[in-house]
Structures are given as structure tokens and as C-alpha cells.
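Single-structure report; data block below.
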Amino acid sequence: MTKLTVKALSEEIGTPVDRLLQQFSDAGINKKDGDSVSEGEKQSLLVHLKKEHGSADDSASPTRLTLQRKTRSTLSVAGSGGKSKDVQVEVRKKRTYVKASALEEEKKAEQLKAEAEEQAKRDAEEAAVRELEQKAQREAEEQAKREAEAEAKAKREAEEKAKRAEADKAKKEMTKKNEQAKKEADELKARQELEATRKAEAEAAKLVEEARKLAEENEARWKEEEQKKSAAEKDADYHVTTSSHAREAEDAADRKEEQQPRRRKKKAKPAEAAAPRGGRNQRGGRNKKAQVNKPTSMQHGFDKSATVAKQDVAIGETIVVSELASKMSVKATEVIKVMMKMGAMATINQVIDQETAQLVAEEMGHKVILRKENELEEAVLSDRDNSAEAEGRAPVVTIMGHVDHGKTSTLDYIRRAHVADAEAGGITQHIGAYHVETDNGMITFLDTPGHAAFTAMRARGAQATDIVVLVVAADDGVMPQTIEAIQHAKAAGVPLIVAVNKIDKEGANPDNVKNELAQYDVIPEEWGGENIFVHISAKQGTNIDGLLEAILLQSEVLELTAVREGMASGVVVESRLDKGRGPVATVLVQSGTLNKGDIVLCGQEYGRVRAMRDENGKDIESAGPSIPVEILGLSGVPASGDEATVVRDERKAREVANYRQGKFRDVKLARQQKAKLENMFANMEAGEVAELNVVLKADVQGSVEAIADSLLKLSTDEVKVNIVGSGVGGITETDATLAAASNAIILGFNVRADATARRTVENENLDLRYYSIIYQLIDEVKAAMGGMLAPEFKQEIIGLAQVRDVFKSPKLGAIAGCMVTEGTIKRSNPIRVLRDNVVIYEGELESLRRFKDDVAEVKNGYECGIGVKNYNDVRVGDQIEVFEIVEIKRTLD
């Protein structure tokens, strides 16, 4: 038998010689590759390997060999930005080979394994039995605890039920007593009213009898006096011929009647009122005339009501005081009096807001109907037929960047590369938007130099832009206008694609651009961000197609859709006044289809589309979503960013445009409102020192210096008095002009304004005040400055409740059963939850109940249920603290 060497053994078992020698060395056998290996040495090596690979005994057992392998490869994966990424993949494999040498050993191993499994099974069963016993013990303890809680709860409910029964009984008794007292009071009142009525009727009858007796007593004397009159005076007027005694008697009767109560049950009969006193026509005529022209108080049938009839007053967003008075059928002075009582000063021609007018009208007892002035506008804009389904549309892209970073070059190259030569050759782009066709779809570009249009659209809320492409030069980096573009894009909430331009120039460093943009939260996708970076060269045309693909990929993520059929709506990109064609507006259609002849409402302008052209100057008949067009036929030049909407009726469009013009004029006038002492705080911008500009004029120089020194001493860190002009003498037009230019108030001390100055003050709506006492002037300015100070707020604890128990509610979660220990718990106030005198939660109450009834507050010494909003970790022993925020009015020290 030939001897087996180490080298031959390594070839036989497929193991490198070095590894086999190492294994021999680990087993305590020193060998070289040429040495022979005996059976004993092989057995020793096998035992060592078995120990190393987990064998438990040294006897002959299956040989176990474990192989571990590593495989590395590179996998190309497509990224979200359209670029592929290389990912390193490492595969690890582990295999174990076992060789059976003896059947007995295998059986023995199986027997040992079965015994081990049986032992493990017995141990698991014993553990399960122990766990069941522990679980049963815990359940018994919990059951006992629940029974105790249920018993305590039943006891509390019984006590509460008894208390409620007693309270209900007392309430019923009190109600019965109140009803009995009310019944007795009603009976007494009815008896008193009946007695008063009888008494009034008796007095009225007595007065009638006295008047009749007086007339009978004086009738003979009247006849004698009348016979003494001349015949020429027979036809004289009643007021001339009636004797003074008769007039005195009638006046006395009238005065006596007026002193008595006016209430009576009888009226004079019509026949008695028309019949003459005697048989003669002369005296009968006089008597009849006297009765008609001078009726007594006994003949009056009704008194004119002093109350004003209630009116339904329709009030718009603003209304003039005189118009409000006319709608309420009262004089304007009455309205001004009511406003003065309410603390508001107004003139007859002053415009007041809707809220003030509503308070005045309701104070005077009228019903108010609030009207929106833009009802017609809303009706016109809602009368549209856009019931079609939305379809995919092309993205609208705005390219921004710093000056000389290649923005215009990028636009020009895209236009030359993707527009046919017949259309693009020699034609200069003459509108601010155009669209290009690519293999994957259409893209619309907006050219907004200086970001003017983009800012205007963002300010008006018109999301005309879907994607912003930021062009940054690789050799120049981030510049101020680049930062401005980033801010515009983030404010508008649109995604940002960065085009790193000029990569073909020497000194280009795209990585530096990434690092600088990362400081402004523009992170590349390679770094785990959301912004796509594309390296391009606008001059050479390098990777321009990649930029377009990135734009289309981003638009697919946005899933842009629009209604293609129906009445169109869009936004005005730019507008101008052409010499030969009139107002021209570039409109980007956002939804629907714009057709030639449609009636368009653009902001404050309107008109019928007389002509429509694309970006190449060609006449077209219609345009769909994401298509920019030039339209002619508007009444004026609209503003950039105005919404363009197709409407049905030209007359209504004109009315809406006129309303918008008037509203814009009112807003403009309101913005020109000069600073006044009453609204100075509204004119103060947050974070800045408020300034009160003053133009001061006095009668003597000493007064000017004293007042100026006192006013300047009033200045603080938050409010500053700035005297822009001062002098001696009357207030002139120059002073009024200075105050208008500097938004100042005019203070006159013992001086007055001349006619031209008063006219300027009225035209510019300035605040002019006269004073004769210096302390009144200083006190009013000081009060105005105090109103400009920001208010302070202080928290005051108004109640404290102790948590006695916690209940679970399916609707409100954890409900804390509490006892109010201090103050009052109010539902509307904020709260804090304290545990061990440490605040663990601050919020508000969601529920406050007492005896299952929602209450507004619970006072000291009463129990209540409290549910804390958005907080369920209330425990027994916690404290719930209720506080209120009190505003402290600040004044100048």
C-alpha cells in the first residue's frame, strides 16, 4: 500500500494545501506538503474538524464539511429621475456536506435526538402547566378587583340616585308653589284691571254729562249775544263771529278733557257731530263748521303711533350712512345718534362696513338681510358647462435662473431643436409662452424674465406653473437671483428641476453647485433628496433631451389633468397695448377649449375674442389646455396673472367687469388712507418700531419747543415720535402737503388752517387736530402711542380638580371622575394635567358632565366627569388645573 502524502490528500478532498496544513497545525500535527499521512493522523484531523464544526463525540460519525462562498456583482437599477443607478450586490452561500459511515451510529444519533425531543416536550408541558396556573391566579385576582369596583360603583350610583330623587321631589314642590303663586297673582291682576276699566268708564260718562250741562247753561246767553250782532256779519267766518265766551268755554272744556285719561269706551255719533245746534242755517252752519274745524278731544278716534315700522334692510359689504337711513325710513341724524351711542363717529356721507351697519339697524329694531356684492360675479362664474371628464395635459414649465447663466440660450436651443424650420426660421418669439413637441409628449414653456409674472401669479393664487427649471452655471455657482428663484418655487409649492449649465467650460464644477444648493434645501436624488439634477450645455446642446425627459418624468409623477371639452378658463401671462390692434393679452388655457368668438372675462376687462394667434403669429380657431395664445378684442389691458374665464352673456360680463373696477378703486382709495390716531396700530408692521409722524404748528416759538420736547420724551423702544415739521404761525398748504407725503398727523396749538390747507386736508384725508391746552395734546398723543403697543397676556388659575377615579367611554375614551377642590372648572377654558405637581399635558376639555348632563361649569365641592381632548393617560391622583388667559392693556409709563 502506497503512502499518502499531504499534497495527494489535499487533491483527493479538494482542499488547498495551505488550508490543509493549517488544519493539521490546528490539530497539533506539524506536517509539510511532501510528508506522508498515516491513518491515525487522518483520524486525529477528522476528530479535530468534528469538534470545530459542532460534533459532540469523538466516535465515528458522519463527516460534516461546511463551505462558505461570497459572490459580488453590480446591478443597474432605474432611478425615479430617469437615470440608472449601479447597485453593488453581494451573495453569500453556506453549504454543509455530511457523509454517513456507519448505520449503527446513525441509529444511535436518531435515538439520542428522539430522547432529547421527548425531554424538551416534557419540559414544555411542565412550563405550560405552570403558566396556566399563574394565569388562572391572575384572572382570579382581577375578577376580585372588578367585583370590588362594581360593588363600589353600584353603591355610588345608589347614593346619586337617592340624591337625585330628593332633588326632583324638592323641585316638584317648588314648581307647585310657584304655579299656585302665579295663579293667585293672575287673578289679582285681572280684578285690578276690571276695576280700573269700570272706573275709567264712569269718569268718561261724568265728563260727557258735565260738557252737556255746560252747553245747556250757556245756550241762552249765546243766543242773546248773537242777536246783538249786525246783519252784515251773518256770513262771517266762525272764528270771527263766535263770541269770546263760547271760545273760552270750549277751550276750558278741552283743557279739562285733556287733563283726564284718554281711554274711553264711547265716541260721538256721526249724526250728533254733523247736526246744527239750533234750527237756523246761519248758526247751524257756524256750529257745524266749528265742530269740523275745532274738534274736541272727545271726538278723536285714534292717536298716531310713535313707533317706526320695522323694515327689511338689505346691506351690502359697504353702505353710506345716508343710504342706510333711507332704507330704514328714518333721518340720517337718527342713525348718527345711534352710532354715537355705540361709540362710533360718522358723517352723513361716510361709508361704513357691513358689520357696523348691521349693528346699527338691529339696534333700531329692523331686520337685516346681508347681501354679497359679488353675487352676480359668483353667478356668472358658476354658470359654466364643464361636466366632461378630465384628461391628461401637458406640463407648464417656467425656466428661471440668474443673469448670464444660460436661461435664454437654453430656451432658444429647445425652440430650434423641437420646432420645424418652416415655422421657426427667422421668426422671433413675440409672446411670453410657447410649446414644443417631443417624442414623449408636449411641453409648454413660460418665459418670465425678472420673475414678475411668476410672482404676480403666486400672489393671486393662480397655479399656472407646474414645474420650475432652475438654470445654474457650473462655473459661477449659486447667485442672489438663484436664491430668489428657489424661494419663489417653494412659496408656489411646485417641484424644482436643476439644470447645471455650461459644463463644457473650463473651471466648471457641478459638484460645487450641488453643495451650494444643498444649503438651501435643494437636495439631489443621488443624495437621497427629491430634486432632479441634469448636466447640460445650452451652447453645444449637450443633454438637452435629458432635461426634457426629466420634465416629462416629473409631470407623470404629478399626474396633471384638465377638462378638454367645455368653456375655457386660463390665466393671463402678459398683456400689452398694440398700436394697430388695441389691447393684446397672452392667455395660457388651463381647462376647456377657447374658441374664436367666445366672450372672455379677464379681471377688470371683458370682450369677445375677435382674433386668436399662436406663438408663431398664425391665426387659429381654437386652443386646448396648456396651449398659449394671443387674443384680441378685450375692452382694456388686463393685469398679468388675472384669471381669464369664458362666460355666456356679454352684458353680465360687462357688469362684473364694472363691479371689479369699482371694487379695485375702493381698495386703492382705502390703501391711500392716511395715518390717524384711531387706526395707528393697524398701520404698524410686525417686528418694526412703530413711528408716529407729526407736523406741529403753534402760535409762539416757546410753545413749539415745549411741545416738541414733551412729545420726543414720550418715545420708547417700541413706539417712536417723529416730528417731521414744526413752526410758528397758521397751518398752510405746505404743511398739509408735507403731512400727506410723510403719512403724518397735523397738530395745531392755538392756530388754525387756512382755506387752501383745509382743502388739501380734505382731499388727502389727513388727520388735523386743534388744541388750546398743552396737556390735552400730550395726553391724546400718549394714548394713541399706547394703542400701538402690543398687548400682554397673563394666565390666571381659576379652578383645580382632583382625579378620584377613571372610567372608559367608547366615544370619549378615558373619563376622569373628579372632585373640584378649588375655584370653578369651566368647559371653555384651557387646562393642564398635573402628576406629582409636574405638568404632563396642556390642552382643552372635550367633555364636562355632572350626573350625565353636559354642564358649562362646576363649582368647588362638587363632583364631575372630565374628558380631556386628545389625551387618555389620566390616572387616579392626577390634578386637572383650569386657567384663563387675561389680556393686560399696556400703557406708556
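Using N, Cα and C of the backbone, Cβ positions are placed for all residues, glycine too.
Computed from a predicted structure; not experimentally measured.
Which of 301-305, 391-395, 426-430, 651-655 counts as region 'G2' depends on Swiss-Prot, and there it is 426-430. In Swiss-Prot, the feature region 'G3' is placed on 447-450, out of the ranges 31-34, 383-386, 447-450. Among the ranges 409-412, 501-504, 809-812, 857-860, the one that Swiss-Prot lists as region 'G4' is 501-504.
Long-range neighbours of K407 (GTP binding site) (same chain, six or more residues apart, CB within less than 8 Å of its CB): I399, M400, G401, V471. Taking Cβ pairs closer than 8 Å, the region 'G1' (401-408) reaches residues 470-473, 476, 479-482, 485, 501-502, 538-539 in its own chain, all 6 or more past its ends. Secondary structure of the region 'G1' (401-408), assigned with DSSP and counted as helix (H, G, I), strand (E, B) and coil, comes to 2 helix, 1 strand, 5 coil. All protein chains considered, the CB of I503 (GTP binding site) has 18 other CB atoms within 10 Å. For the region 'G4' (501-504), the residues of the chain that approach it from at least six positions outside its boundaries are 401, 405-406, 409-410, 471-476, 510, 535-540, 542, judged by C-beta separation under 8 angstroms. Fewest Cβ neighbours within 10 Å among the binding-site residues G401, D404: this applies to D404.
In this structure, I503 (GTP binding site) belongs to neither helix nor strand by DSSP; it is coil.
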